[in-house]
Amino acid sequence: MLTNRPRGVNDLLPGDVERWQFIERTARDVCRRFNVAEIRTPIFEHTELFKRGVGETTDIVEKEMYTFQDRGERSLTLRPEGTASVVRAFVENKLYAQPQPTKMYYIGPMFRYERPQAGRYRQFHQFGVEVLGVNDPSVDAEVIALAMTFFTELGLKDITLEINSVGSPASREAYRHVLREHLAPVKDTLCKDCQSRFDRNPMRILDCKVDRDNEIVANSPYMLDYLTDEDKTHFEQVKSYLDSFGIRYVVNPRMVRGLDYYTQTAFEFMESGSTLSGGGRYNGMVEQLGGPDQPGIGFAVGIERALIALQNQDVQLPIEKGVDVFLVALGEEASKRTVTLLQELRTAGLVADKDYLGKSMKAQMKAADRLNAKQVVILGDDELAQGVANIKDMESGEQVSVPLSELVQKVQQKL
Ligand code: AMP
């Protein structure tokens, strides 16, 4: 028990974590260029926020939240996704009162009580972007372009972008009616959840993993055919901007996305049949959470999924490993001197390390090799007495003797 982690969570060990850092670095770098600033919100929020923000009829709220009572008997929930918290922060901190848009991104852990399997965890991580305060279709395209730029700069190829419009509330009202009529004959044969969704939110039935294969469900009418003129125009413009960016997409009229809050544009990025990222517009959410009527659009990428995609595609990541210089000491005095020498090298900006276990020269050279050291400084008691040290270039094998007073500078020159 003590030495086992809970189901569905992972340790990120040295050696793996560098891949995460590369993904996070790329995300921050792309966001900087799109002038999107970082926001950090709490890991837990009032449970009510997610019920309202994510939607009572979603799988997340119905089955997957980590909800607990704190000592003050408040109901709190570990965040299952990022958008509701970002919108809450937008409202609570009155960011809407500033000139719009407000463009923000986040990177961090999310928690859902799902059945763990490859690519599905109970603590997982998302990089997400939210743009609030503007409804212009060019912003939808820009947000999609940001995600695509991120994937491209990770080194991923063959990412499929699927888009759809799930309409505004007006379109959805009309569509829900049509959908109920279509599904009514099979209502009693649907799964229990869908029977209750039938009245509350029939669009969720289209996304149900159990009933998706039901022929009547699979042949449901398309939301796209019931869009208001305004929604239709918005969708056409989003597509036309994507065309002008040279971003390829497939319209998937079946996509409804698992979260209730989407309006108009919805999109997903797929790789090898798995969803890397999902997003869309959520124009009602700010108001729903007690703010003014302000639109919003965003997406979230699963970082674990992005890592799996990078592995699937055999992408070599530009990860710096090893050290610039490794210190090899022979003798007691020399060994002591390397302690301060190490500090001098590090202060000068070099990645430096040494042996701490009093190993033999051969074992120390092996350690230097294992760490991929570019240079090795060899210091014996005799050299120390003469005020010199040897620098060995590990690539060429060339070795030179330099005065200790110039050592840092010489090592720097050789890198
Ligand atoms: P969602 O917030 O459900 O739209 O999910 C956005 C992205 O987060 C998905 O496309 C996945 O890449 C990732 N994701 C969602 N749930 C999980 C999970 N349980 N484990 C790992 N990644 C997840």
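Sequential numbering from 1, following the chain as shown.
The backbone N, Cα and C atoms fix where each Cβ goes, and this holds for glycine too.
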Site-mate of E81, G82, T83, Q126, E130, R257, Y261, Y262 for L-histidine in TrEMBL, selected among R71, R112, R115, R212:
R112
Long-range same-chain neighbours of Q126 (L-histidine binding site), Cβ under 8 Å, sequence gap at least 6?
E81, G82, Y106, I107, G108, M110, A300, V301, G302, I303
Three-class DSSP secondary structure - T83 (L-histidine binding site):
helix
Give the three-state DSSP assignment (helix, strand or coil) for R257 (L-histidine binding site).
coil
Among E81, T83, Y262, the binding-site residues whose C-beta sits under 6 Å from ligand 1:
E81
Protein Cβ atoms within 10 Å of E81 (L-histidine binding site), excluding its own:
21
